[in-house]
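The phosphothreonine annotation in Swiss-Prot covers Thr174. The compositional bias 'Basic and acidic residues' annotation in Swiss-Prot covers 495-509, 521-535. Residues or ranges marked as region 'Disordered' in Swiss-Prot: 495-535, 575-613. Per Swiss-Prot, compositional bias 'Low complexity' is recorded for 575-592. The compositional bias 'Acidic residues' annotation in Swiss-Prot covers 593-604.
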Amino acid sequence: MARAVGIDLGTTNSVVAVLEGGEPTVIANAEGARTTPSVVAFAKNGEVLVGEIAKRQAVTNVERTIRSVKRHMGTDWKTHIDGKDFTPQQISAFVLQKLKRDAEAYLGEEVTDAVITVPAYFSDAERQATKDAGKIAGLNVLRIINEPTSAALAYHLEKEGEATILVFDLGGGTFDVSLLDVGDGVVEVKATHGDNHLGGDDWDQAVVDWLVERFKSSNGIDLSKDKMAMQRLREAAEKAKIELSSSTETSINLPYITASAEGPLHLDEKLTRAEFQRLTSHLLERTKGPFFQVIKDAGISVDQIDHVVLVGGSTRMPAVVDLVRELTGGKEPNKGVNPDEVVAVGAALQAGVLKGDVKDVLLLDVTPLSLGIETKGGVFTKLIERNTAIPTKRSEIFTTAEDNQPSVQIQVYQGEREIAKYNKKLGVFDLTGIPPAPRGVPQIEVTFDIDANGIVNVTAKDLGTGKEQSVTITGGSALPKEDIERMIREAEEYAEQDRKRREEAETRNNAESLVYQTEKVISENEDKIPEDVKNETKEALDGLKKALEGSDIEAIRSASEKVALASQKIGSAIYSQSQQASGAAAGGQQNAEDAEVVDAEIVDEEPKREGNS
């Protein structure tokens with residue numbers, strides 16, 4: 001049975017893990033790193049670059065490099081490249097495809113099944129978009145699970161007894177805080193809250209804004225209008241943020257950042273940890289609201305928290321650690337987990353649970369936001385309250401607002417506001433064919449069904465006629481089935497193009513190596529190669545060099561074969577010469593040995609003569 005992987009599809013970085021012998025293992029990518037930047041770029045030749053290679057070329061290819069696309073999941077955002085529109089699902093699928101390839105290279109087998117994690121506070125539309133991304137990448141998404149739940153599973157699996165765990169998850173682009181009860185193989189989420197637009201990217205942006213302001217006041221030039229300069233500033237800001245986690249001061253030095261009439265200008269600033277914390281204090285403040293809301297929703301006090309687990313690279317910032325310590329009444333956050341990897345490890349464990357490889361583990365997750373419909377007066381009527389354990393199903397009876405109303409429109413929302421329009425609209429559908437009747441008479445049963453992925457199915461049924469209409473809510477930004485199928489085909493085409501490009505690069509590299517090696521052999525063995533063989537080989541080499549100047553891969557292959565055949569003749573000639581030389585040497589050596597024997601006899605007798613006289 002093929003193994004399933006666990007994937008943490010992050011805003012900034014992504015990680016893939018797998019169970020080996022019952023133990024979770026983080027899989028290193030093709031570049032040897034355990035995390036892969038969630039960056040996708042389109043090279044000028046159309047090649048799709050993913051990960052570190054895409055991140056490295058971002059400065060010189062700003063317009064065609066996409067990062068932090070997770071922040072656009074579940075929206076109608078698109079990027080236009082080479083005459084094509086790419087959705088967040090497609091861009092995420094490129095990242096997932098790379099993780100899939102790296103896992104297959106590591107395991108030596110095809111990978112199709114995966115558990116993918118999402119922020120706990122992701123809406124239905126964002127969850128569905130993540131599932132679609134997996135499908136486009138050629139993955140069968142076994143389950144979408146919440147990142148804090150996954151982290152708690154990884155953290156507590158080997159521990160004994162029951163405990164209440166607070167997971168504080170601050171990633172590159174999203175923030176969640178969750179309270180979970182764990183024990184006896186059960187991981188139960190009590191409450192969750194968060195902010196899907198708060199993360200390390202915002203800390204970076206605060207530093208970028210500060211640098212732009214400083215440079216403007218010093219030089220009178222606004223760098224925010226220069227896309228290439230802004231990309232360099234973003235990279236420098238991220239580096240400075242990371243350095244300030246272990247140092248109290250860092251230098252930001254960017255030579256030739258721009259130019260004025262007088263010549264090139266350089267950026268050189270010092271940033272202290274204290275100044276960095278002042279610049280970003282408003283961001284830290286935004287994490288407090290969700291924390292207090294979770295404590296309130298779970299109905300516990302801070303002193304009932306047994307363990308605090310920090311998740312996400314942004315929790316390495318000292319100010320974040322200090323704040324968590326302060327909020328939890330002085331509790332020391334656990335240092336035993338890797339904040340970058342723990343979510344993927346938990347996802348691999350959940351994949352093992354679903355495949356039957358891990359026994360006696362049960363995840364009880366919750367829906368992060370209330371679900372309901374719009375009723376008369378624009379009121380949001382909740383059918384399922386937030387923090388309800390999933391999977392779940394709830395029904396309620398509604399009626400018509402007008403006499404002889406032939407249909408009702410069901411507008412589905414997700415959120416906490418009392419007025420429907422202020423919440424996130426997930427979808428709309430109509431129940432038609434209601435028989436004429438006075439208002440208030442028809443009975444329409446609306447049922448919400450949330451599956452274990454947190455994805456919603458809504459059914460409206462006229463109890464009088466038995467007529468029913470249902471829809472799987474996938475959000476206003478959801479992709480139609482035919483679009484997903486088209487994107488799957490396109491992803492496969494890109495993968496095929498990439499495979500061809502890799503083959504072409506290998507063919508070209510092998511050909512160049514063959515030229516070098518063959519010329520080296522000729523130069524080192526000039527006297528041993530017959531003139532006709534030498535001329536034939538040089539002619540073949542000239543043909544290969546000419547082919548390498550062009551782009552016809554078949555011509556390069558054909559020319560390489562000719563050089564290889566000619567090289568074999570060189571090898572035969574050298575081998576033949578060596579054999580003749582060694583044969584002659586062996587004959588000469590035999591004569592020498594015979595002569596030595598005769599000499600030895602004479603020399604041996606000489607002393608006897610001397611001794612007798």
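Heads up, the Cβ atoms here are built off N, Cα and C, so glycines get one too.
All protein chains included, Thr174 (phosphothreonine) registers 29 other Cβ atoms within 10 Å of its own Cβ.
Helix, strand and coil counts from DSSP across the compositional bias 'Basic and acidic residues' (495-509) read 15 helix, 0 strand, 0 coil. Helix, strand and coil content of the compositional bias 'Basic and acidic residues' (521-535), in residues and according to DSSP, is 12 helix, 0 strand, 3 coil.
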